[in-house]
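Chemist: Dumping the structure here so I can ask a few things about it.
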């Protein structure tokens, strides 16, 4: 008790509130076991009245509550139920309960200052009939000294961990049960309940977006899509407590925790460490000292648990890591969520729907002037909920993004923004819709500055940005194209209308009037990059089609760059120029070899290249410009198993990797994890010589039967983003 009184002194009450803010699910208040109405008479003995001897919460995974509430997968011994749905408990008294004279009720409390009007103190009275979506308790069975109750919770109940008491009325005061952590109860969102703000009506979708603890991250580029598995692990031990801690960390008032819109908004800020010491430190510079390279993580559990125990930001994340952790948080609390990849995502610094790439006199990109970038891909999340704060029709999937890109209301956060509002250009509706609209719609302007300062727009690419938006399919590992949920078909009337609406609602759209734009029409240019495996040579083929009756010569430049997946250039590793003769009404093509020795020393972890080809038609002075990103094939890890795979019995997992490079790999680190099979383990291998094979055997005891996934990653100085996975069927013992 001494500790609480010192805390009281530390909390100076200000003139605005009667009690300090109540934003920690962890703190508690003292609840008296005997709350006297006045002076107690001398002969008062609490034992004369109805007294609670024992309480059963039916909280084991196989018992009725966790089965009916779809919470049996949580690796947590306490009762976990979903709001707006009845659950059962049993109370044993010291004698049979007599409804005529005995009076008792139940109490759920949360936080340090429980208040009834804030939803942090909930008294539950006995009723004859339960009403859907309203608090109440009904006796469904009486036998000897015990009764069984069915308890209905409110569909707007705040979510988190509640303390539970039974209170008995006596003429002289209220007798309460003792504080008992065994009866603590978690209440979560309920996508199965029609009255809940996160209700989702399709059972297959609920199984995918709430109950699936493994997902797929699509990366690479639109021309060359790559995928890898990610372990969300929302049911693993302590993850639920870690997710509740995030809301404490974000200082979200307990009374606001029944609202998914508020929870998503504060979570998108606390997932990154900028401005609030949140979960993950972002790093895009390819130097990951004192931390784990973003590509080495195989799932969210390690990150959340490390943050929960150390209370310090975890190093390092990039967009898919932020999105993976955010997805775990949402699914863990019961909000349906999915991870989205937007290919060719515009990071438009001034949100004018125009990504400006400035060219110098020779037609090469001027990195000094170019501030905007096009990310090869960018991952964010969608969360499913109603939007009572917006007009009808904007509920459903909402974009939320935990990657720190731009500030929103002074903090690095983004969303929730209605996907429907983005599609129709109604970007006036909160939160951050203009920013997301610009990420998926925008034009790339290739602009050349003349010596006298005038800007000449050489070409405009209207189709590349947001060219493909995908997520994992429901019930499988394939890809589902959801581009049409974000935008109408390129060039359709609806698309123009949506753009006009967006501009009317305040998205800046620069006109081309202030710049001269005369596109070249009689010559087409394009190029193809040969599919290549990391460490090999490959070729780039540039092709021209001269549709005119004139002969032309084209001075052609190829610039080959190693880029971060964010589209930012690290180094230009090859420049090549040549003169191409273009005969009238004919096509011609030219090959350029790219050698592995030219790119290997500077390669970044995602093995992304960006090629710029510009050609000046000497006779007309017109410029043609084409750019493409390409990703090398990275070798994969092989995973095998040995022995029988039965829950509770030891099995062996073998990870193998063959180094395909012409050089040894230094500082090789392997990660292996599989929800329900094994917790993440890491192993350091000093070096792996060129062309040699590394083998790692791990023994583990799988906990849960069913189809599970093993995921491995390899990280080293010269090679990152190496993954492997294996589906395993764990039998029942």
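Backbone N, Cα and C define each Cβ position, glycine as well.
Feature table excerpt (TrEMBL):
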| type | residues | note |
| --- | --- | --- |
| ACT_SITE | 319 | active site |
| ACT_SITE | 378 | active site |
| ACT_SITE | 401 | active site |
| BINDING | 441, 443, 490, 495 | Ca(2+) binding site |
| DOMAIN | 311-404 | domain 'Transglutaminase-like' |
| REGION | 1-29 | region 'Disordered' |
Chemist: Average the per-residue pLDDT over the domain 'Transglutaminase-like' (311-404) and send me the rounded value.
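Modeler: The average pLDDT of the model in the domain 'Transglutaminase-like' (311-404) works out to 89.
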Chemist: For the recorded Ca(2+) site, whose residues are 441, 443, 490, 495, find every other residue on that chain with a C-beta no more than 8 angstroms from the centre of their C-beta atoms, and list them by sequence position.
Modeler: 442, 462, 463, 465, 466, 487, 491, 499
Chemist: Looking only at C-alpha atoms, tell me how far residue 319 (active site) is from residue 490 (Ca(2+) binding site), rounded to the nearest Å.
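Modeler: On Cα coordinates alone, these residues lie 27 Å apart.
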Chemist: Can you give me the Cα-Cα distance between residue 443 (Ca(2+) binding site) and residue 401 (active site) in Å, rounded to a whole number?
Modeler: 22
Chemist: Can you tell which of 319, 401, 441, 443, 490 has the most other C-beta atoms within 10 Å, given these are the recorded positions?
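Modeler: Its Cβ has the most other Cβ atoms within 10 Å: 401.
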Chemist: Give me the count of other Cβ atoms within 10 A of the Cβ belonging to residue 495 (Ca(2+) binding site).
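Modeler: Residue 495 (Ca(2+) binding site): 16 neighbouring Cβ atoms within 10 Å.
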Chemist: Counting every protein chain present, what is the number of Cβ atoms, excluding its own, within 10 Å of the Cβ of residue 378 (active site)?
Modeler: 28
Chemist: DSSP on the domain 'Transglutaminase-like' (311-404): how many residues come out helix, how many strand, how many coil?
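Modeler: The domain 'Transglutaminase-like' (311-404) comes out at 15 helix, 41 strand, 38 coil.
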Chemist: What Cα-Cα separation, expressed in whole Å, is found between residue 441 (Ca(2+) binding site) and residue 378 (active site)?
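Modeler: Spelling it out, the Cα of residue 441 (Ca(2+) binding site) and the Cα of residue 378 (active site) are 14 Å apart.
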Chemist: Cα of residue 495 (Ca(2+) binding site) to Cα of residue 378 (active site): how many Å, rounded?
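Modeler: On Cα coordinates alone, these residues lie 22 Å apart.
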Chemist: Report, in whole Å, the straight Cα-to-Cα distance of residue 490 (Ca(2+) binding site) from residue 378 (active site).
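Modeler: Each residue's Cα considered, residue 378 (active site) and residue 490 (Ca(2+) binding site) end up 20 Å apart.
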